[in-house]
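K.L.:
Below you will find the structure I want to go over with you.
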């Protein structure tokens, strides 16, 4: 059994060189040597060139038909981590003070984690020493991390986590000082639904008695419009009481409408704009008003005298009968006819929706996995005789396409240090709101503990259970370490880039505060998580 000193040393040393590199980025930006334009260019190089090269070189050489069975369990583990994070984020939002313009942001910050270059740097360093195989496990560990990256891209871009950040900056959502007001539980997303449910239960008895009184009237039409009559009975009772339990409409916002002055060339910004344009074109369509909506369109009359009495219940009942006798088609607004959507338009919309999945990273995964699993393709890049592949060689005795793998290795080596320098520069440009009392301190602490303490505990027990049940092989040390370690990574910095695009003034100080406290605490939590993971291997 390893000693406590060895475990602490093994957990701290990989993080030490990582944090020193982040500090270099922080210092050079503070001294004006790494401006925003340079940071954007470095981000483009890292995301579009070096990271795909790193993934390709590691996947092709390390993934085989023998260890390909780890892909399914790792994708399952990553999906569970995302679901747990979103659930915890919703709970924290309901019970803690969170600014109104960060209600969706806290969900994404808790659900989405930094599964890119940060854990890759730790995995490469840790798997190069005992008890791992230093010759094969570093490349294998990077390949396993790529499965988490695939889940991140799918949830963040395709399933809508990135465009949902626009909800915090939609028209009608308070900003600035108005957003700092504390909101009671019954006005928050989940609490409001519970309150409406309780309100409906309390109004059911009143509505039933009112409907019984109406049934004594001589209303002969009880045919196809009976459902419409019932709806209007409830509507008239609500009008008399001045109560409306209809949900507040949610307004969509696009990045072009929110902040057209931002013209960042960051790849995440470009992808966010593509996602938003697709979602906007699919959501805004002219629709025919429903019959239920037509029940609220009372006929226009001349203005009543100043001392006219309020309408009585009988007059509302007469309005109900007259509206019920008219067909829904007649009540609909002819200005907004239903526009039929052809199958060709649906196909084009589907292609555009799937187009957001086409990124350099996902394309690299789609190309490298077949090259790694098919022996004939693998033999073009590296020696595949150990997996039953042919022995193809060029004039130099190496595989014909070995130069592509060499280029990928060469370009991929800059991924980790370059990305960490960019991360440090991003921290240097963060601005924390003043005074600190305006910050949601409780929510910040709860999110940090959820992502760096609670989810790792759940992840360790889950991975150990999968190992004991045989779902994950016990001798797959790199797979087990990656599955446990990536449970405790902080929030993704990509959210800061996308949120700054949606924010009207580009101000994301609340999110910056959440990220800063997580990355500071990560130095201690990741060291402890690494030590515990090594102890359990």
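Including glycine, each Cβ sits where the backbone N, Cα and C put it.
As listed in TrEMBL for this protein:
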TRANSMEM  6-28  transmembrane segment
TRANSMEM  49-65  transmembrane segment
TRANSMEM  71-92  transmembrane segment
TRANSMEM  104-127  transmembrane segment
TRANSMEM  139-159  transmembrane segment
REGION    259-336  region 'Disordered'
COMPBIAS  302-312  compositional bias 'Pro residues'
COMPBIAS  320-329  compositional bias 'Polar residues'
TRANSMEM  354-375  transmembrane segment
TRANSMEM  410-427  transmembrane segment
TRANSMEM  439-463  transmembrane segment
TRANSMEM  511-536  transmembrane segment
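Thinking about packing and proximity, how do these listed features fit into the structure?
P.N.:
Sequence-remote contacts of a segment are chain residues at least 6 beyond its ends whose Cβ falls under 8 Å from one of its Cβ atoms, and for the transmembrane segment (6-28) they are 34, 118, 121-122, 125-126, 129, 417, 420-428, 523, 526-531, 534-535.
Remote same-chain residues near the transmembrane segment (71-92) are listed as 98, 106-113, 115, 144, 147-148, 150-152, 155, 189-190, 443, 446-447, 450-451, 454-455, 458-459, 462-463, 466, 471-472, 479, 482-483, 486-487 (criterion: CB distance under 8 Å, separation of at least six residues from the stretch ends).
Outside the transmembrane segment (354-375) by six or more residues, the chain places 47-49, 51-52, 55-56, 59-65, 68, 146, 149-150, 153-154, 157-158, 267, 271, 274-275, 278, 381, 384, 387-390 with a CB less than 8 A from a CB of the stretch.
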K.L.:
Which bits of the chain, at least 6 residues beyond where the transmembrane segment (410-427) starts or stops, bring a Cβ under 8 A of a Cβ in it?
P.N.:
18, 21-29, 34, 39, 42-43, 45-46, 49-51, 53-58, 116-118, 120-121, 124, 493, 496, 515-516, 519
K.L.:
For the transmembrane segment (139-159), find every same-chain residue at least 6 residues outside the stretch whose CB is under 8 Å from a CB in it, and list them.
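P.N.:
Same-chain contacts beyond the flanks: 54-55, 57-59, 61-63, 67, 70-71, 74-75, 78-79, 82, 111-113, 115-116, 119-120, 123-124, 126-127, 271, 275, 353-354, 356-357, 359, 361-362, 365, 478-479, 481-483, 486, 492, 494.
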K.L.:
Could you check if the transmembrane segment (511-536) is in contact with the transmembrane segment (49-65), meaning 3+ Cβ pairs under 8 Å among residue pairs at least 6 apart in sequence?
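P.N.:
Counting Cβ pairs under 8 Å, fewer than 3, so no.
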